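This report concerns only the one structure given below.
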Amino acid sequence: MACQQHGSMHSILKKLHLPSGIKEEGGEGIPKWFLGRDIIALMREFRQHVIAKRMSKVKDFIKKLINDDDTEPIVEYLCELVCDRKTSEPSKEALLTSILIGSRPLVEFILQLFAEFPGEERNGAAKSDAFAPYITPLMLACLCNNYAIVECLLLRDHRIDLPHRADCICSICGKIAHSVNGRHQRLDTYRSLSSESYLWLATRDPLLSAINLAEDLMICKSYDTEHAEIYSQLILKLQNFLSDFIQQCRNVEEIDCILNQREGASLSECDSVFPRVRLALDANMKPLLSHMNVQISLRARWLGAWAEGNGNLGRDMGRFIRHTLFYPILALLHSISAGFFVKSFEVPYARYLSYTTSYLIFIFLLAVLRYLKRSTTGETIQLIIEAYVFIYVMGQILSEFLEFSRRGIAKYFGLWWRFFDFILLYVFVVSFICWSAAKMSPVPKGLHRKHWIAYDPSILFEIFFGTACLMAFWRIFYFIQLHRTLGSTVISIGRCVGQVFSYFGIMAIVIASFGLGISTLLQPYEDAVALQDGESKTMTSSFANIILSIRSLFWGFFGYLNYSEYITVVGNAGPKFEPTNHYITHVASELLVAIYYIVTVITLLNLMISLLVKKADEVLENEDVEWKFTRAHIYFEFFEDSAAVPPPFNLIYFVTSYFRKICSGKYSFIWPDLLVTKKLIQESQEFVSITDYHKVLINIFRRYHTTKFYHYRTIQNIDADTKSKKEGRALMAFLNERKSVFSRNQTHSTRSTTTP
């Protein structure tokens with residue numbers, strides 16, 4: 001009978017063995033965990049052996065659960081730990097060790113030994129040589145990325161306390177600011193929270209949790225610069241997780257259901273297209289946004305109603321002509337009617353065509369404005385064009401203000417063209433102020449410019465307006481970014497601009513330091529004159545003061561510094577009134593100039609070239625990701641209702657559309673979001689959408705779980721692998737057979753959400 005019982009125990013424990021190896025190809029069985037009566041009986045028996053300190057029996061149990069030939073040392077160590085019942089410390093170390101081994105059945109068996117130590121299983125081992133005191137069982141399971149053990153611990157009410165961010169200024173964080181252990185604990189806690197097992201099993205919305213966590217990590221990275229590389233790795237880990245997440249969607253309905261969720265978005269963005277994509281854009285989730293599933297949905301929304309019949313040359317040409325040649329008439333009708341007429345402006349791509357056309361006309365008029373003849377007819381046309389340019393700029397300012405009010409200062413200036421537009425519009429406004437001052441100036445009309453003062457408003461207008469025209473032409477690069485080839489080049493150049501500005505900063509320090517040193521040597525010789533052989537030599541003023549020295553060295557970097565510029569002229573002295581030669585000063589100044597060239601040209605310039613090449617290589621490696629990410633940003637600008645018509649027609653549309661919204665009674669004015677639909681600020685929610693979302697999450701998790709055991713590569717796998725770097729494979733054996741903790745979370749959240 002005993003032999004029969006032993007054989008039964010052996011057969012049961014054999015089912016709980018960890019898989020002997022991990023396959024990279026083909027299919028595997030999916031080990032499931034089910035706490036049946038037979039396993040409960042074995043747990044009870046194991047506990048009795050431990051309490052009675054039957055070492056051989058305990059050792060036999062542990063050895064069968066581990067299923068490894070080379071386990072004798074670890075089995076002996078675990079036996080000693082679990083049989084030491086004086087305090088909870090040995091049991092806690094045994095639990096942590098079993099988590100490292102990776103066997104959920106072993107962890108479940110050891111957890112039964114904490115009945116005498118309630119609550120201790122959730123704490124770390126305070127006196128362990130192997131584990132830091134703050135490492136809790138759940139943290140360690142997350143660090144090992146073991147789904148089954150994470151699920152086991154979560155079901156036993158284990159939790160991870162969210163750490164304070166690096167920018168926190170509370171009293172607790174003030175104490176641990178200079179503590180090594182405190183920083184390590186924060187980093188390891190963030191590592192645990194970033195594990196895919198925790199995001200899937202411990203959070204109600206893995207996508208939103210990953211995005212929010214990535215934003216926190218970016219803030220920590222900016223404050224805790226000593227560990228910036230670690231935070232960057234965690235952010236990359238989250239980006240890869242989100243890419244794997246969206247990869248499990250199998251149809252457009254599932255993708256749209258995920259991207260349309262409003263939870264986590266700001267009030268002004270809840271009613272916009274794909275709020276989740278907006279969150280991902282703010283968090284720089286590039287692998288997610290460049291994934292083909294997301295790109296398909298964005299492209300479909302970009303084309304809108306124009307997606308039907310796409311490819312019909314006649315229809316495409318008709319649409320193109322309507323929104324290029326005839327866009328002023330159509331935009332005017334759409335603006336006056338507050339969007340009731342010309343419904344094609346609801347298509348983002350149509351808005352883009354009209355906006356591009358309007359901007360090309362704008363810069364064409366800027367060019368014409370410079371070449372108009374000064375005649376009566378020419379002045380009239382010039383005045384009309386100047387008025388149009390002024391109105392267009394006002395429309396552009398309105399568009400940027402609406403975007404600024406929605407996004408906030410930090411997010412608004414997160415893109416290069418927003419910062420560029422801010423400077424461009426500022427220069428235009430200053431030029432208009434100078435133009436107005438020139439028109440109201442008491443200076444007689446037609447007075448030749450040779451009689452103008454240096455700061456005459458007309459001169460200032462020409463300077464600022466010329467700068468604005470230059471920048472306006474540069475802004476064409478914004479539209480080029482949507483082109484696959486040219487856009488990638490523009491984006492690559494833009495990513496290298498940061499390196500260029502860093503170089504300029506270093507160069508400024510170098511030039512200022514050498515300028516100060518050289519001017520100190522040569523300034524005393526300013527205006528010195530020496531007579532030699534009947535000819536007079538005058539000391540040049542290139543280094544007469546610090547400002548002139550910096551200017552000379554700056555142009556000298558481009559080869560405009562002559563040798564004669566730093567020849568020292570002292571004067572004549574002595575009985576024979578001969579020229580004095582301070583050759584030491586001359587040698588010292590010449591040596592400083594030589595060192596300046598060595599530092600700037602030979603060292604810094606070549607270093608800058610190397611850095612630019614390195615940065616360009618990094619960008620080109622991710623060229624496809626960067627282009628799709630930037631394209632998503634541009635798409636979203638034209639998804640907004642404020643971009644329905646281009647400037648200057650948006651001035652009319654702003655008034656008519658806001659008047660229509662106010663009269664409808666469906667909107668409320670809330671600053672800084674301006675008009676917001678009332679349904680967003682009411683307690684009622686779209687329960688059907690939320691329920692569908694949780695169902696989609698459950699399906700995605702099941703697919704994600706199954707793909708770990710069935711190995712084949714679809715086109716999505718190949719595309720995703722080119723955009724992310726994969727870590728080691730997660731351990732997903734022995735998840736609950738009947739219902740995973742993730743499914744329970746979704747069911748519970750759905751019920752709690754739909755409860756009145």
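Backbone N, Cα and C atoms are what each Cβ position is placed from, and that goes for glycine too.
TrEMBL labels come from automatic prediction, so no person has curated them.
Quick caveat, the model's predicted, so the values are computed rather than measured.
Checking the ranges 97-115, 325-343 against TrEMBL, the transmembrane segment annotation falls on 325-343. In summary, the transmembrane segment (583-605) does not lie against the transmembrane segment (419-438): fewer than three C-beta pairs, each 6 or more positions apart in sequence, are under 8 Å. Here the transmembrane segment (500-522) has Cβ contacts under 8 Å with residues 539, 543-546, 548-550, 552-554, 557, 566, 568, 585, 588-589, 592-593, 595-596, 599-600, 604, 608, 611-612 of the same chain, all six or more residues outside its ends.
At the 8 Å Cβ cutoff, the transmembrane segment (459-480) and the transmembrane segment (325-343) share fewer than 3 close pairs (sequence separation 6 or more) and do not count as touching. Helix, strand and coil content of the domain 'Transient receptor ion channel' (168-228), in residues and according to DSSP, is 49 helix, 0 strand, 12 coil. Within the model, the domain 'Transient receptor ion channel' (168-228) shows a mean pLDDT value of 87, rounded to a whole number.
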